[in-house]
Structure formats: structure tokens, C-alpha cells
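Below is one structure; the comments refer to it alone.
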Amino acid sequence: MTITPQHLIALLPLLIVGLTVVVVMLSIAWRRNHFLNATLSVIGLNAALVSLWFVGQAGAMDVTPLMRVDGFAMLYTGLVLLASLATCTFAYPWLEGYNDNQEEFYLLVLIASLGGILLANANHLAALFLGIELISLPLFGLIGYAFRQKRSLEASIKYTILSAAASSFLLFGMALVYAQSGNLSFEALGKSLGDGMLHEPLLLAGFGLMIVGLGFKLSLVPFHLWTPDVYQGAPAPVSTFLATASKIAIFGVVMRLFLYAPVGDSEAVRVVLGIIAFASIIFGNLMALSQTNIKRLLGYSSISHLGYLLVALIALQSGEMSMEAVGVYLAGYLFSSLGAFGVVSLMSSPFRGPDADSLYSYRGLFWHRPVLAAVMTVMMLSLAGIPMTLGFIGKFYVLAVGVQASLWWLVAAVVVGSAIGLYYYLRVAVSLYLHAPQQPGRDAPTNWQYSAGGIVVLISALLVLVLGVWPQPLISLVQLATPLM
């Protein structure tokens, strides 16, 4: 095939982030300078975000048989880039106190972002696998970045071994799907699956193995066992990336696969996904109830959030609103998670050993950092799905989609899960306003709101509130992000 200037414009975000990786590599080789490499990374990610406007002007197209650039890909690419940008911003003050190599952190985040962009544009099972590996491999290093901390190293080893096992399941599943259908492209799969082939045992086994692999990456029950330990052990900025960029990119590509190849038409697949969604919602929320570590709590809550999203995925064949629901929910989840993990990062910076992730560290925060406590409260209310926040709009969409598709037992699970979630989110929010302990632990810097990380956290809180009251701009944006059929 011939690569035209139009194709290059369509690939701009991928090319810009790739070029930034090379520039940062050369910069590290030439001279170690933490500020320079952090600045180069942030400039590259901002340039990639700006380039999405030019991609939109170029229109939707298939760049290669592996990649399709359309409104859907642009939305998910934008969300991944925002999460990567926030991760780099939170990491800078944290790394200031880190005595080992600081610069490689940005390199790993950029390479993982490349994987996220590839996943957002993937239109082929080979691109899906390449993207997942490209986002997972840098995470092995990022999770164990504070390798002198026992928990960080343990989390990295745990994630590496389990991730390798999940990837092998995913690859074997793809092989079985290919053996039965003879296709790897999403669209070609859709055409071949339309002939009553969905009942073939080999194909169902292939999709079953793929669900195991993807379920691990999305930390769905029962493939979730790594999640709380890894969230707790990883440095706070890495937990931010893990909770947002990697989940959004992988869910985006699964959404596209289900859209083109009507896998959800199979009753067996729908039942299995329904059970996984139900278990993720209930188990994730119940396990979060007893947590006293805020990163573990957010880890368990992310399991339940992916369960809510799975309800919209199961309802995908029932109506157009499912895609809108997923887009709005993921945007709300992104900003709420960035704010919550951003507060933990600010409290844990600069690096001084373990993060400030104990709930006790946040007790009475309001009395000496009132704005930071207010931001954390807004994020907890949004994650709980309280009205006037963006989280409520997303949860309302999911419930509407579930009702539209007559998934009554999953709608009941969402309602019960939200009620349980309200308890532990409010427990975090209330502890911020209790009497401060006699010997306060870690604290955010006095001028935190003037730092780049502080600005990101404040913008996230503002977006959660403004879009919670007036969600139309976000809904219009998500409606524009339609995939090329």
C-alpha cells in the first residue's frame, strides 16, 4: 500500500509520541537532566494532543490493515494522552526526592502511551495484541520503579508473572479464533461470524480464552487478584496511569471488537460476561469496605467501575446509546481517578519511602489543607455517583442502557453496588474533616496549588463539577466520536 500525506496526518499522535521517545532517549544518553527530560515528555504529549485537531480535519480512514483512524479512535487517544500527561506531571515532584535514575520514568510512560494510542486505533487482533504488550511491558518497570521498597518490587514481580500468563491465554484464544474463522481483522471477523458460526465450539473456546486474557488486563473478577497489591505497591503516579490510561485503552479496543464482530450475539458469551460484570460490581465494592489503605480501596473500586462498564458493553447490540454511555462514563472515571490519585501523589511527594496511602494520613486534612480536602471530597462523591458530579451522569447512562436492554439483574447489581460504594467513599470524605491527629504524618507542600500537579488536580475537580451540572459539551463530543463502519 502507498502511504500518502493524509495517512501521515492520521498517524500524527502516534508519530509525535514515537519521536518524543527517541528525543528523550538521546537526551538521557547525552546528559542526565531531570527537568529537561520531564519538559520534553510533557511538550511531546501536549503536541500529540494538539495534533488530534489536524487528525479530525483529515477525516476517518484505514491507515494500514491494522489501524483505523476515526472519531472513536480520536476520543480514546485523547483520553490516553490526558492520563499520560497527568502521570508525568504528578511524577515530577515525586521523583525530585528519588535518589536513583529519575529520567527513565518518563521514557517508560511515553512507550506505554504509544501502546495506548495503538490500542485506540486497533482494527485487527494483531494490533490488539501488540498494543496490549506495548502498554504492559513498560508497566513492569514502572510498578517496580521504587525497587528499594519491598512492596514495589513484589508488586512488579506479581504483575509481570500474571501478565505474561494472561497474554499467553489471549494469544492462544486468538489462534483458535483464527483457526475457525480464517480472519484476524475485526470487520472480516464480523462478516464470517454472521453465518451462524457463533455456536462453533472452537470459536467459543477462542473467545473464552480471550475473555480470560482481557479480563486480567481490565482487572475483572475472577482475574483481579493482582489489582489491590499492585495499586498499593506501585508509586502513586504509576497507580494513576494503571487506573486510567491502561484501562481506558484496553476497554476502547474491546468495545470496537464487539462493535464490528458481533460476539455479544452469542448467548453463551453474554451469560459469561454478565456473570463477570455481576461478580466484579458486588465483589469489588464489598472488598473495598474494609480497606484502610486508600490506594487498595481505589484498586478495589476500579474493579467495580469496570463491572459497570461491562453492563454497557453487554447491551451494545441493543442500541446506539451504549457507546455514548461508555464514552461519558470513561471520561468521568478518568477525571475522578486523576483527581483522587493526584491528591495521593501530592501528599506523597517528594519521594521519602512509602507513599502517604494510609487513610490515617488524610485524617483532619481539611484543617490545614482545606482546598486539597475539598478536591478529594469532590472526587469521592463523583466516584460514588452523587448528583451534580460527572460520575452521576456516567452511572445514570449505564442504568439507562441496562434498562433499555432489559438486563434487570445487572441493573439491580449496579444499584446495590452503588449503595455499598457510597459507604466507603463517604468514609474517606468524612475522615478528611475529623480532628487532626496529634502527630500528623505526611503532608502536601504549602504551595501545592501552584505546582503543575496541583493545577491538574484543580482542573480535574472543576471539570467533574462543571460537566456534572452541564454535561452537554461532553455528550456532544462523545456523540461525534463514532466509529467508521
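Backbone N, Cα and C atoms are what each Cβ position is placed from, and that goes for glycine too.
As written in Swiss-Prot, here are the features:
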- 8-28: transmembrane segment (TRANSMEM)
- 35-55: transmembrane segment (TRANSMEM)
- 71-91: transmembrane segment (TRANSMEM)
- 105-125: transmembrane segment (TRANSMEM)
- 127-147: transmembrane segment (TRANSMEM)
- 159-179: transmembrane segment (TRANSMEM)
- 235-255: transmembrane segment (TRANSMEM)
- 271-291: transmembrane segment (TRANSMEM)
- 326-346: transmembrane segment (TRANSMEM)
- 373-393: transmembrane segment (TRANSMEM)
- 408-430: transmembrane segment (TRANSMEM)
- 455-475: transmembrane segment (TRANSMEM)
Practice task
Run the contact check on the transmembrane segment (71-91) against the transmembrane segment (127-147): 3 or more C-beta pairs under 8 Å, excluding pairs closer than 6 in sequence.
Solution key: no
Practice task
Please give the sequence-distant neighbours of the transmembrane segment (373-393): residues at least 6 beyond its ends with Cβ less than 8 Å from one of its Cβ atoms.
Solution key: 301, 305, 328, 331-333, 335-337, 339-340, 343, 362, 365-366, 418, 421-422, 425-426, 428-429, 432-433, 457-458, 460-461, 463-465, 467-469, 471, 474
Exercise for the section: Go through the chain and flag residues at least 6 beyond the ends of the transmembrane segment (35-55) whose CB is under 8 A from any CB in it; none is fine as an answer. Expected result: 9-10, 12-13, 16-17, 19-20, 23-24, 27-28, 69, 74, 77-78, 81-82, 84-85, 88-89, 91-92, 95, 102-103, 106-107, 109-110, 113, 117
Problem - Contact call for the transmembrane segment (105-125) against the transmembrane segment (455-475), three or more Cβ pairs under 8 Å - result: no
Problem - Contact between the transmembrane segment (159-179) and the transmembrane segment (127-147) (at least 3 Cβ pairs under 8 Å, separation 6+) - result: yes
Exercise for the section: Go through 8-28, 271-291, 326-346 and flag the stretch with the largest number of C-beta pairs under 8 Å relative to the transmembrane segment (235-255). Expected result: 326-346
